[in-house]
Amino acid sequence: MDMESMERNGNKRIFQRLGGGPSSTSSYSRPKVCHFWLAGRCTKNPCPYLHSDPSDSSSTSMAAPPKRIHQNLTYRRNPNPNPNGHSSNWGRGQGGGVVGASRASLKEKVCNFWMAGKKCAYGEKCKYLHSWSVGDEISLLTRLEGHQKAITGIALPSGSDKLYSGSKDGSVRVWDCQSGQCACVVNMGAEVGCLISEGPWVLVGIPNSIKVWNTQTVTEMSLSGPAGQVYAMAASNGMLFAGTQDGSILVWRFSPAGNCFEPAASLKGHSLAVVSLVVGANRLYSSSMDNAIKVWDLGTLQCIQTLTDHTSVVMSVLCWDQFLLSCSLDQTIKIWAATESGNLEVTYTHKEEHGLLSLSGMNDAQAKPVLLCSCNDNTIRLYDLPSFADRGKLISKEEVRALQLGPGGLFFSGDGTGELRVWRWSANTTEAPPA
């Protein structure tokens, strides 16, 4: 069974800038705490909401904001969970683990007329959104169209002025970062399962093969060995890992002498397709359609732990600070921390209303860590870490499977229609209108 059918049968279903609910309660329920105060950024004085936690009997001051939970935390792409990683701050912000806590008053649906580029007769009085985002911190800079099917990977190679996108339409498009125009279309001859970059290398996973391009030397090669589609890749410390349709993880080592990748190992353990890979310090984390996450020691290339807390496909894994984050079609994001024995255990579970597809992390304009998680309701949810305070959402025409960070507060998303979008942290940038 392929990933598409598994998902259907599971849960319900840039460029000139690039260089640079609460549950229903009665009237005697406890007062509402200020959402912005919880996030450490309320500017209202006086504020109509509490600036203290009513559940904390020791809290007597309503004027002083809490210490910002992020000031000692920094987003890091590939750290390794450690035995001292447990945190009492997980999920303490509004919306932490409580679906809909801060969304009840927000418009959820985009106006069909506005989305189609037609004039809405209701204008500003329309009860539906005339925007691709909820919240005033994220702006849509531009939309790049050309792919005919879902985008499965986005990459921005080191030292290159080109953005690469791969799609199920069997093509890789190369976008000029200065003009925002498509500079080249490469026909891969088969669906692109994933696409990543590592340094100057661009790597494209297709059925039974990986195509490799060096953007600096303009050399290319093909890596054989995968059985079926290549759904996930990761590269670190001179090694390339590829997760395949048959549940294997193939490993290559880069040879500087030959300027090529040489086969090193085949890691067996998953019973179904591997759909996500991430490397932490001396660890490889893999997630699969078999609902499991496996932890591999990079020194021995042996599996040292299997995590089985998810009840459906684990679509994405991400390392952040001292933790491993995972998301699944079971509608949860799980936070894993290492115990004194070194084994990972769930330290917090965040519940969503829909299945989750992909995770990414970045810093906002104030250098605070923010988690981006795409859901199968065509949205990307944004949360502060580690509080899971709601920061808004981004809306697409179809599901977003590809997320990629860029420089200067930019990030990219690719959805099921083949549309590539460029977003930016900014409250003052005008959104790109519908085509």
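Any Cβ shown, glycine's included, is placed from N, Cα and C.
Taken from TrEMBL as is:
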- 1-10: compositional bias 'Basic and acidic residues' (COMPBIAS)
- 28-54: domain 'C3H1-type' (DOMAIN)
- 105-133: domain 'C3H1-type' (DOMAIN)
- 1-29: region 'Disordered' (REGION)
- 73-98: region 'Disordered' (REGION)
- 144-185: repeat 'WD' (REPEAT)
- 267-306: repeat 'WD' (REPEAT)
- 28-54: zinc finger (ZN_FING)
- 105-133: zinc finger (ZN_FING)
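Taken together, the residues in the zinc finger (28-54) have a mean pLDDT of 56 on the 0 to 100 scale. Per DSSP, the zinc finger (105-133) is made up of 7 helix, 3 strand, 19 coil. Residue counts for the repeat 'WD' (267-306) under DSSP, split into helix (H, G, I), strand (E, B) and coil, are 0 helix, 24 strand, 16 coil. Helix, strand and coil residue tallies for the repeat 'WD' (144-185), in that order: 0 helix, 22 strand, 20 coil [DSSP].
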